[in-house]
There are 2 protein chains.
Amino acid sequence: MIDLRPVGYVIGLLVSVLGGTMLLPLAVDLWLGNGEWSVFLEAAILTILTGGVLALASSNGVQAGLTLQQTFMLTTGVWLILPVFGSIPFLIGATDARLVDAFFEAMSGMTTTGSTVFSGLDDLPAGLLLWRSMLQWFGGVGIIVVAMVFLPELKVGGMQIFRSEAFDTGGKVLPRAAQIAARISVVYLFFTVLCYIAYLLVGLSSFDALNHALTTMSTGGFSTYDASFGTFQGPAEYVASVFMVLASLPFVRYVQIMGGHTGPMLRDSQVRTFLMVVLVLVGVITVFRVVVNADHLEHAFREAIFNVTSIMTGTGFASVDYQLWGAFPVVIFFFIGLVGGCAGSTCCSIKVFRFQLLFASIRAQIRRIHAPHGVFTPRYEGRPVSEDVLSSVMAFFVLFVVSLGVLSVLLAMTGLDFVTSVSGAATALANIGPGLGDVIGPAGNFASLNDTAKWLIAAAMLIGRLELLAVYAMLSLTFWRS
Amino acid sequence: MIDLRPVGYVIGLLVSVLGGTMLLPLAVDLWLGNGEWSVFLEAAILTILTGGVLALASSNGVQAGLTLQQTFMLTTGVWLILPVFGSIPFLIGATDARLVDAFFEAMSGMTTTGSTVFSGLDDLPAGLLLWRSMLQWFGGVGIIVVAMVFLPELKVGGMQIFRSEAFDTGGKVLPRAAQIAARISVVYLFFTVLCYIAYLLVGLSSFDALNHALTTMSTGGFSTYDASFGTFQGPAEYVASVFMVLASLPFVRYVQIMGGHTGPMLRDSQVRTFLMVVLVLVGVITVFRVVVNADHLEHAFREAIFNVTSIMTGTGFASVDYQLWGAFPVVIFFFIGLVGGCAGSTCCSIKVFRFQLLFASIRAQIRRIHAPHGVFTPRYEGRPVSEDVLSSVMAFFVLFVVSLGVLSVLLAMTGLDFVTSVSGAATALANIGPGLGDVIGPAGNFASLNDTAKWLIAAAMLIGRLELLAVYAMLSLTFWRS
Ligand SMILES: [K+]
Ligand SMILES: [K+]
């Protein structure tokens, strides 16, 4: 029997903290004088109390180290239980949402997916809008900590390659996590403030700037308008592009820069590869828009850089329905969404370093074909990659593709059309936000989906966000023995 | 510099043999008294002579063994050059096709893909129709030999796991290939005759039975009617289903059964898995059709078994536009087409054994997560799988998915819509035949695609048929050194 108390203790504490943060939207609604503040009062009390009771009840089992099983349960537990409490304001607030919609929205927030089931966003009370953005911001910083501390420990998806990087836990997961969370939070907060100021400078209102700074730095993609970023066409798109890219780089590199070491960032091969891919795609799509769609150069470039970064980083802001541009950009967007940004950032999806590792392995494989008796070891950043890491990455890739297929079939089973099923599965697993087609495309909304589809997509967001194996490993029988 | 003479010699001989087989459609057209027989006379003379000259010119370099580079060039060369000669009758015959269409059709034939750019099939001269079917039949038996002799030698796509099976070449590729080709041909011919008789028994004309026997046993999918198998609705669908399944099992097992050993076939785990998947899918789709589409049980079952086996085996016969059934079967068909049948059969695509190996590796991976110090080796049929095989399979899988993405983008670039681009890429790489959507779907045709798209799809058929790495490895610089 696994001792659940250390897990319960941490989750309880985090739930209480989440409840505490509800005081912020409460204050906003109170200040604006709309009656909605009481929603957050109720939600905060309920959340803080429940979290506190859970923490107290588990406090006699606290320890600095966690077993492997406990680490798994903590990782998945946090991302399953926080959205439950995060959904309370949607249940009892102005959205008056049904359970499935409230949970979908909260999960879409915490996993930084950014798909929404709410429409009429423009008329929602400020507190609720801020709460959506805050969920994404917490989810963003949370996932960086998970990616840097928990996943390498769990050897999930090849993340152990980043283990030696800067943060070896030496078995003491929780103290390490707290320490890293503190450092990362400083960087994350700094960029968010910078992004906020930049949005102000290009003319966004203070409230818009705040919300979009929160959802930009988390590559979350929630907006406070039904038109999403279409509301701010112009210079704001450049600002967003810059910060979406900044949010997609490995945060450990920023911490190193804070410590005076700029070299690691400049030499990081996933950073270089990611930026190069973005540049090439922006170039290709700009040319396409100018030549094929007869667009103006600046307009074409601005829409290209904004939409390429939005999809590739998995932010999912939409400034325009790019499906109207033709099939070529749409197919590109579908596949680059499956690439994503750098590991150790707020990005989800397969990620650049995995493709680098897989290609390195294929190159070694081809060499081996030509010289059967030679020894060719795949390398990453000059260092040989262990079989252990390669098979983790391979497992991730296969599971991602197979999950995409299975989820597509399940979604189609609920009655969704082909494009909605396949793109819905992709956008959920890769935590992007918008799908393709008329229903859930960049100009669409997830509200009209049936409840089963919403539950499935919410589950896929969680599975994708935790790099699949962190969830799937718990489904294996071996997990529950020992 | 690679000595191309042994390669040229074998290709020259095969080209001449192909030219010789043109005498069969010649005889048919002559017997039916249509003027088209002269087409095959011209084509045969041209082909036999060119092949003969090539073989003669290279004959002073003949040897029993081939170097690795020569083996690669032979494998790819055969599948590139035979379609060139195979396309001659389409160029000068009643189809009066342009080069791109003639080459597309011949490549679609030889690779057993079965996508067609010709319409009005019902009115084409018998000789041309027979020639299309024959191309598929040759392509089918050819690929079994390649899969059993060449690919294990080249260590492509994990095929080396079947190396020890029955056929170790001991370095002498060509004599071995001839020996295996002879044994396999007996089985292949036997089943084709059986299939022909079965089609006759359910009422097909002698000519229809012959053509469809040739394209069934090769899982090729060319038909002599624009309506494809829709022409023969009824018992013929059961006959086709049975033989499509028989054609998807490993042919080495039939050879073993001929030698009195039935055990290997009964115990073969890819056979069991393949059959189980087919059964489950037939069940699911039958139930779906009865419950959701309110279809009759026998009709639902017959259409389900025919279309599931047609897509899963990559044959690609269409008896009905299953896109009208709803999105659920369509999404299933899209993904099972990417699974395919057994290795060492005429099936293409990723194939069942690769999924088995990948899942075995993931299972070992999950065990390793739970018990970091344990040693867990993935097993296939009870035997441990070497890292070498696993990384080959992984390379295949990644390249398949990445090729699918890149090809989709390229097709969209030529102006095709989203569904046509993605399903066109999939159906070409997996050698299935029909895609999805209005243009190239089960009720459609590849004729209306632009020329660039046709060349791209033809190239993808070749790349997919030769298990990607056999072609890609030649693109690496290492290949041309040494
Ligand atoms: K997102
Ligand atoms: K086929």
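Note: Cβ is positioned from N, Cα and C throughout, glycine not excepted.
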Given TrEMBL annotates B:Thr112, B:Thr113, B:Gly220, B:Thr315 as K(+)-binding, which of B:Asn431, B:Asn445, B:Asn450 belongs to that site as well?
B:Asn431
Same chain, outside the transmembrane segment (B:134-154) by at least 6, Cβ under 8 Å from its Cβ: which residues?
18, 21, 24-25, 68, 71-72, 74-75, 78-79, 82-83, 86, 106, 109-112, 114, 160-163, 165, 167, 169, 173, 176-177, 180-181, 184-185, 188, 192, 214-215, 217-222, 247, 251-252, 343-346, 348, 465-467, 469-470, 473
Positions on the same chain near the transmembrane segment (B:7-27), where near means CB under 8 A and six or more residues out:
37, 40-41, 43-59, 61-62, 66, 70, 73-74, 77-78, 81-82, 85-86, 89, 126-128, 130-131, 134, 138, 174
Suppose I define contact as three or more CB-CB distances under 8 A, residues 6 or more apart in sequence; do the transmembrane segment (B:227-252) and the transmembrane segment (B:327-353) meet it?
yes
Among the ranges B:71-92, B:186-207, B:273-292, B:327-353, B:455-480, the one whose Cβ pairs under 8 Å to the transmembrane segment (B:39-59) are most numerous:
B:71-92
With an 8 Å cut-off on Cβ pairs and a sequence gap of 6 or more, do the transmembrane segment (B:455-480) and the transmembrane segment (B:186-207) reach 3 or more such pairs?
no
Positions on the same chain near the transmembrane segment (B:327-353), where near means CB under 8 A and six or more residues out:
111-113, 140-141, 143-144, 147-148, 158-159, 161-162, 217-220, 247-252, 268, 270-271, 273-274, 277, 281, 284-285, 288, 292, 307-308, 311-314, 380, 396-397, 400, 423, 426-427, 429-432, 436, 464-465
What are the other residues, in sequence order, whose C-beta lies within 8 angstroms of the center of the C-beta atoms of B:Thr112, B:Thr113, B:Gly220, B:Thr315, B:Asn431 at the K(+) site?
B:Ser108, B:Thr111, B:Gly114, B:Gln136, B:Gly139, B:Gly140, B:Thr215, B:Ser218, B:Thr219, B:Gly221, B:Gly314, B:Gly316, B:Thr346, B:Cys348, B:Ile432, B:Gly433
Fewest other C-beta atoms within 10 angstroms, as judged across B:Thr113, B:Thr315, B:Asn431, which are the binding-site residues:
B:Asn431
Proximal but sequence-remote residues of the same chain as B:Thr112 (K(+) binding site) (Cβ under 8 Å, at least 6 apart):
B:Gln136, B:Gly139, B:Gly140, B:Ile143, B:Ser218, B:Thr219, B:Gly220, B:Gly221, B:Gly314, B:Thr346, B:Cys348, B:Asn431, B:Arg465
